[in-house]
Amino acid sequence: MLRRQGIAFVRNLALLGLGLVGLAMSVLLIVAATLVVPYLPAARVAKRLADLGRRLTGSWGGLPVEVERRPGPPAPERWADGWYVHENELYKSPRLPAYLLELAWRSEDPALLREWLWLHLTPFVGGLAVLVPPTLATAGVGLGTLGLAGGAAPVVGAPSPAWAVPVGLALVALGFALAPMALRLHARWSRLLLGPSAQFWWTGSRAARWLRKGSDDTWHGGGLSGLGFAALGGTLLNLVTLLVAWGGLSPQVSHLTRPLVSRYRRYAGTWAGVTIAEPYRPLPELPVPDEDGRYRIGRTLYTDREAAVRVQRYQWWFGDPATWRDQLWAATSPLLGVLGLVPAALVGLGLYGLVGQPLSWVPWAVPLGVFSGEWITPWYLWYGVTRLWPDLGWIPGWASPFVGLAMAGLGMLLAPAMLRLRLRYDRLLLAPTRSASLAHRVDQLTETRADAIDSQAAELRRIERDLHDGAQARLIAVGLSLAGVERLIEEDPAAARALVAQARQASATALTELRDLVRGIHPPVLAERGLPDALRAVALDNPVPVRVTGQLPGRLEPPVESAAYFCALEALANATRHAGASTVEIDITYTGTALRITVADDGRGGADPARGSGLRGVQRRLGTFDGVLRLDSPVGGPTLVTVEIPCPMPG
């Protein structure tokens, strides 16, 4: 018994130290995420601390924690010429692509938020449990020492030495007796946050959903404000190049600033669900020399190709209206950025200041007060606030946690409105203008029409090739066999019968090939039973279990049904062959204006249309109908493919 309590007491001290290290690591992780570059090393250390917490929860607290296993980040893709590709950039070394891939992989970790919460909150929640035994033992030792010395203990006034020692011993014994229980309480807290996401309480009640939305909007608004301040730096850099280099470096600087604004657009879509399309004009084609070897840019001829390209890029950059709209947005965005930081400041000061500070007071102020007799108020931060704003002095210090909770709640209430206000302004300047949208639409229609013509021509060539190599050859063989039958029917009836059998077999094979060919153009089951039942028929023959849900209020136009059918088949084939999925779900709905099909699988994820021809083919097929392909496939899975085709419902 005593040995078990002693071991538990030492483990309490170890967990208390781990909690303090985790708190420091959680703060460091926020700083590293702001600076971006040191984020990965900090994230790796934080992950190791969380994994250590899982192991100790099982071995010391007796509550095993199931670990969510994820496949590691993918290796950088290496081309045959030795270059490494990531998104639309090429790199000579694999280090930066590997860094970016791991950064994306860690940011998509479903346990990331819960692990950070565990690191940050454990000293104030689970850490309080393991703090009680050492605090009692420390107070007991202090009382006993003061009692033996005949002094006065500031905790209880001026105790008599006659009973200070027994009280001190009782406190020490109580601390050791409570150590095993403290371990179990700490383990329950750790398992709550470090266990699988399905066991997490964050998704459930309406209040929890409100807290999550308010928290997300708060930090998303703060993150977008930070990107806005960074874009202001890019605008100032552009201004410097205009003044110093007469704008000659502006096209080069734009390669630094435009990706930042484009990243802002992507985050606005990912975090707030607001799609802001790219408004930029496409890069001009590289100049081609005239007959005399010179390059014509506008009304000027250049003998040097690099000079011609530089001037061309210069004109392209300055002639694009989106360039100046970006600069105007970056110059004015910090004004709204300050408003976007208000909810984050309220939540941060309220939760981590006024609520966290009295909890953080326990580990250092109690031992300090016991041994030195100098006691610091638990509401020291509120004491400073009342010195800055004396009008708040009427609120007692003990009410500061409630004030902090009210401030945090106010911040979460303001966050959605602030985010909507900011995004409305962002769309005003960062979205394409009406003329740019029309020009982009014309380019898109031109491209999709060309793709449709190319696809149709390729399909006709495929049909011609299949007919020539398959059914046509079989039918020619049938004709030759029948000609042989005519010659042999009187001279050699047995040979004639053999030729008839061959002709019958060839005709049956030709019929099968013709049916397969027709099925590849427009499957009979699709024509007979419609899209939902056709996909259910495919699901029955798929090696991976497939669940098809949804119905349509009627039959769609045959071209739309055919396009949707083959798009769903391609997504299903990717999930079966490449993703390693164990289950696939297909849902079919009609929104009133468009057909929507979603294909979800639990595979390894990491799908990218740029890496394979299958999804690009789906995009080309959908482009004919102005359809949209949306892909959500983080590394490690799951994958969600959404196909939308605008179409009316006949009748």
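Think of each number as a place in line: the chain as shown, counted from 1.
Cβ atoms are placed via backbone N, Cα and C, with glycine included.
Features as listed in TrEMBL:
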type	residues	note
DOMAIN	567-647	domain 'Histidine kinase/HSP90-like ATPase'
TRANSMEM	12-40	transmembrane segment
TRANSMEM	163-183	transmembrane segment
TRANSMEM	227-249	transmembrane segment
TRANSMEM	335-354	transmembrane segment
TRANSMEM	361-382	transmembrane segment
TRANSMEM	402-419	transmembrane segment
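Mapped onto DSSP classes, the domain 'Histidine kinase/HSP90-like ATPase' (567-647) shows 25 helix, 28 strand, 28 coil. The average pLDDT for the domain 'Histidine kinase/HSP90-like ATPase' (567-647) in the predicted structure is 79.
Below 8 angstroms of C-beta separation, residues 210-211, 213-215, 217-218, 220-221, 224, 272, 339-340, 342-347, 349-351, 353-355, 382, 395 of the same chain, each at least six residues beyond the ends of the transmembrane segment (402-419), sit close to that stretch.
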